[in-house]
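Beneath this line is the structure, given in structure tokens, with notes to follow.
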Amino acid sequence: MTEPSTADLVKQASEQISHLVRDELRLAQVEMKEKGRHVGLGAGMFGAGGLVALFGLGTLIAGLVLLLALVLPAWASALIVAAVLFAVAGVLALMGRKQVGQGTPMKPEETTSSVQADVAEIKGRAHP
């Protein structure tokens, strides 16, 4: 049995490297899509938190107006509603921050590690 020629070895290495690069690019695409999903979800939650806070501000103002204008128990209910809305806004903002944190930094970390390992393997085989 004969040993493969240098040209055959170079061709085989080129094909393997090409296949490896395509696989790594697919992995990076999947990883970035997942990170983007987390960032998008977190940004939506931040926006929802801001909207709920705006409703809370309107309710708080209505409660203060009722307090000053009528001095009736209606103001107490308006303040309670405002407090609940602010609590909901805080929870949504914290949840949004967590989602954004899961999606950042926008760098395909697993793919980077995998490519570095592949390069080390190729270098190791090139210099026995």
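Glycine is treated like the rest: Cβ placed from N, Cα and C.
What TrEMBL lists as region 'Disordered' is 99-128. According to TrEMBL, the feature transmembrane segment maps to 41-68, 74-96.
Away from its own ends, the transmembrane segment (74-96) comes close to residues 41-46, 48-50, 52-53, 55-57, 59-60, 62-64, 66-67 of its chain (Cβ-Cβ under 8 Å, at least six residues beyond either end). For the region 'Disordered' (99-128), the DSSP counts in helix, strand and coil order read 23 helix, 0 strand, 7 coil.
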